[in-house]
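Asker: Pasting in a structure now, in structure tokens, and then I'll have a few things to ask.
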Amino acid sequence: MKPAVPFFPQRLLSRRLLSSASAAFLIVIFMTGLAGALRIPALTVYLHNEVTNDPMMIGVFYSINSLVSMVLSQIVAHYSDRYPNRKLIISLSCVMQLFGCLLFAFNRDYYILLIFGTLLIGLGSSATSQLFALSREYTQAQNRDSTMFNSVLRAQLSLAWIVGPPLAYFLADQLGFTFMYVAAATIFAISIIIVMLMLPQAVGCEPKSANEEEDNLREEGITSNRHSVIWLSIACLLVWTCNSMMFINMPIYLSEDLGLSNRVAGLMMGTAAGIEIPIMLIAGYCTRFISKKSLMLIGIVAGIAYYLGLALAQTEWQLLAIQLFNGIFIGIIASIGMIYFQDLMPYRMGTATTLFGNTGSASWIVAGQLAGVMASQFGYQSTWYLAIGFCVIALLFMGLVRKI
């Protein structure tokens, strides 16, 4: 009879591989998040100071950029669910983001950025959603708590946004936008190496024999789920539109209406991201005894409180204090919202995750136009009252979504 000694090295190796893969997900999501946090927050200031000072042209840029990203990422998601090789998709997406950042670094022509910049960024927009889809499939294959692990990943993304926005404004102010975008491109280059060397290969997702409860969660053929996906999409679109309008108009609002420096915008984003991290982890844990629907409703109510505070705040400390509500708002919507889509569409993980991401992309299309109109016709402060109205409507649509 052979001794059972080989079992222990095999088990130890399995644990090491699991730990290595988990670390890879955490590193890649932080690196790509950090690069995005350098590129996105200062985009309005970059366009305003370096390319064009026309609010409507800036709004059009955001809208077209988001439309291209949304369409391309949904096409990639549709393909990825049928021929899953998410590791390759993530690598190619990072390559596109790298070239996009280099274009923004060395070009200042509005129409070149509008055509080629949006195309490159759009082709690279699938990286984050594919990372979350792969992580969900991987943790399920390893019989781990996928909800909690995805919450940890989303918290890691928020950690990148603590560092990113203040660093972006610092680099832009002290070293210029060219250096800032080159730094973002360098981070994407490092991310590509980590993806190729450390991320696990594609996870096989053969459908399991579904029990009655799993059958009820199938996206195909279940009318109530289809309706819930629609209502949830509308609710997320509305809340992300509020967030997108804030990104577009807040930096200029702080400098022109309140007389504050761009540094404050970076501090506000970093503070909110810092609050989001524990909120995401707490929300992920709370799904064990509180429904995801209840958590989403709490998040939207916090959003209403935040935009009301933003409309009334006048000083730096007040703006920083209300980031508590913003952190609760984004922390819950960003983590639980994505898992909600995945639970409603459990057999189409890539499509579900990308659909959630595309509610954010679509919000830039809406917000790009609304932010420009509100700023030019009614002033920047009017944006926050419109956001309050959108959150109230989102609350009503969320009430129609199936409870999970």
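Glycine is no exception: its Cβ is also placed from the backbone N, Cα and C atoms.
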Asker: Could you tell me which of the ranges 11-29, 353-371 is annotated in TrEMBL as transmembrane segment?
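Answerer: My reading of TrEMBL: the transmembrane segment range is 353-371.
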Asker: Under 8 Å for C-beta pairs, could you tell me which stretch among 155-172, 295-313, 353-371, 383-401 has the largest tally with the transmembrane segment (264-283)?
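Answerer: Ranking 155-172, 295-313, 353-371, 383-401 by Cβ pairs under 8 Å to the transmembrane segment (264-283) puts 155-172 first.
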Asker: Could you pull out which residues elsewhere in the chain have a CB under 8 Å from any CB of the transmembrane segment (295-313), counting only those six or more residues past its ends?
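Answerer: Non-local partners: 235, 239, 242, 246, 250, 283, 286-287, 319, 321-323, 325-326, 328-333, 336-337, 340, 381, 384-385, 387-388, 391-392, 394-395, 398-399, 401.
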Asker: Select the range from 56-76, 155-172, 178-199 that forms the most Cβ-Cβ pairs under 8 Å with the transmembrane segment (229-252).
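Answerer: Most contacts with the transmembrane segment (229-252): 56-76.
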